[in-house]
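Per Swiss-Prot, the features are as follows:
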type	residues	note
BINDING	Cys53, Cys90, Cys124	[4Fe-4S] cluster 1 binding site
BINDING	Cys205, Cys209, Cys212	[4Fe-4S] cluster 2 binding site
DOMAIN	44-161	domain 'MTTase N-terminal'
DOMAIN	191-423	domain 'Radical SAM core'
DOMAIN	426-494	domain 'TRAM'
Amino acid sequence: MSVTVFNPRIDDAAASDITAVTPVITALNELSSAQAPVEKAATKKVFVTTQGCQMNVYDSGKMLDVLGDSHGMEVTHNIDEADVLLMNTCSIREKAQEKVFSELGRWRKLKEKRPDLVIGVGGCVASQEGDNIQKRAPYVDMVFGPQTLHRLPELYDQSHQQREIAPKNRIGTVDVSFPSIEKFDFLPEPRVEGFKAFVSIMEGCSKYCSFCVVPYTRGEELSRPLDDVLAEIDSLAAQGVREINLLGQNVNGYRGEKDDGSICRFAELLHYVSHVDGVERIRYTTSHPLEFTDDIIDAYAQLPELVSHLHLPVQSGSNAILAAMKRNHTIDVYINQINKLKAIRPDIHLSSDFIIGFPGETDQDFQDTLNLAKELNFDHSYSFIYSKRPGTPAAELPDDVSFKTKKERLAEFQKVIIDSTLAKTHEMVGTTTRVLVEQVANRHPDCLIGTADNTRTVMFPYDVDKMDEMLGKIVSVRITDFVSPHMVKGEIEAVLA
């Protein structure tokens, strides 16, 4: 998945940072009244393309924030008018590196036409490849990792200095180190438009699943201090955000330090967030079954702000494959967790991640995965054919499942999930659901659109003259019609918050 992030977060004050300033003449009375006015320097524009997970979407927003705060840059939708091109990369899938270099090849043509264009590569591929990116693509000016994106202004300045010193033999700047979680100390105050926001509460992962590159590209788990997380959420809520999505590679493994030095675990954090004025809905991703503890499950009984949707990756329905993946839990443990949650929230909607065709996966292993999907009736899933990732333990295993078999199994599995998605959306008709109202429908100007707890888009008619006052409200909508697998239509019943 590749998403271009257009998030204009730059305030007017930041734009003044790059205004040309009239030289100061210290000798009094020497300033000529006839002095010609100095024109403002043109505002630089930045274009960001984002691959991969929601953590990357969050990071891309922060890239825009830091460059706006430091250099007054503005985001652009048009790559042809950009002064800076940033690619935030993902290395989860096979051939991720080649996709990056393919896109960079297209960007090279732009730079040939505009030599002053600055190109930067960030994210997990940048962490993996490091200075190899500039060896293969010497026209790249900046390479930075997820933990060093706060240093973008410095890297940008260094790239300009390199041009001035050695325009023909320029050496780009590379910073893919794993400092502590310091980047959050250097990021500007969060700015957002809309009623939803991501908040990163931790970085990295220490689970070391055999197939996964995340511990190698984002480092070990590091949790942000509790006060820092709550301060960011307070700021977002003050800007009108109603839904907070807590992010982390292993988000429910959060262990943030409190003022007194004690540790705040994830379930306790959920309670703190629920008490922030203005926050009406809480989501989180991505979770690990090992950290999905009873106190988190109990929170679903205690906190109405927690949406009735859970994304809990399981990866396979076979205990043998889970062991090979080093997931360190069994299917029985996973099913027991889900059953406990359903006892508390019968209307909970589940989604998960699945890897099909992992090395050693037999027909029975795959059948176990199909059986799990049918038993738990997942709402949707992110399912992929296994991709060998260099440097991971699984890459050393014999890849003994043919590509043809992998494709056939994936198609069969995805049909089970698609059928479940369709059935669950149809089941919404005649029920009432909670919706965050977000915008006027583009194609139906007499209707408002919002998101239900279960991630479905909900459209409902409303008085055109009063639509603005409904934006950002939490409403109850009775569903009347199925529109598509991920969209329904209904009638508003009440304003809840």
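Going from the start of the chain as shown, residues are counted 1 onward.
Every residue gets a Cβ built from N, Cα and C, even glycine.
Shown in sequence order, Gln51, Gly52, Cys53, Asn56, Ala96, Gly123, Cys124, Val125 are the residues of the chain, 6+ apart in sequence, with a C-beta less than 8 angstroms from the C-beta of Cys90 ([4Fe-4S] cluster 1 binding site). Other residues of the chain with a Cβ within 8 Å of the Cβ centroid of Cys53, Cys90, Cys124, the [4Fe-4S] cluster 1 site, are Gln51, Gly52, Met55, Asn56, Thr89, Ser91, Ile92, Gly123, Thr217. Proximity of Cys212 ([4Fe-4S] cluster 2 binding site) to non-local residues of its own chain (separation of 6 or more, Cβ distance below 8 Å) is seen for Ile92, Cys205, Arg389, Thr392, given in sequence order. Counting only same-chain residues at least 6 apart in sequence, those with a Cβ under 8 Å from the Cβ of Cys209 ([4Fe-4S] cluster 2 binding site) are Gln315, Met325, Lys326, Arg327. For the domain 'TRAM' (426-494), the predicted model reports an average pLDDT of 97. As a summary of secondary structure, the domain 'TRAM' (426-494) carries 8 helix, 39 strand, 22 coil according to DSSP. A simple way to gauge crowding: the CB of Cys205 ([4Fe-4S] cluster 2 binding site) has 23 other CB atoms within 10 angstroms, across all the protein chains here. DSSP assigns Cys209 ([4Fe-4S] cluster 2 binding site) to coil, not to a helix or a strand.
By the criterion of other Cβ atoms within 10 Å of the residue's own Cβ, the least surrounded of the binding-site residues Cys53, Cys124 is Cys53.
With helix defined as DSSP H, G or I and strand as E or B, the domain 'MTTase N-terminal' (44-161) counts 66 helix, 24 strand, 28 coil.
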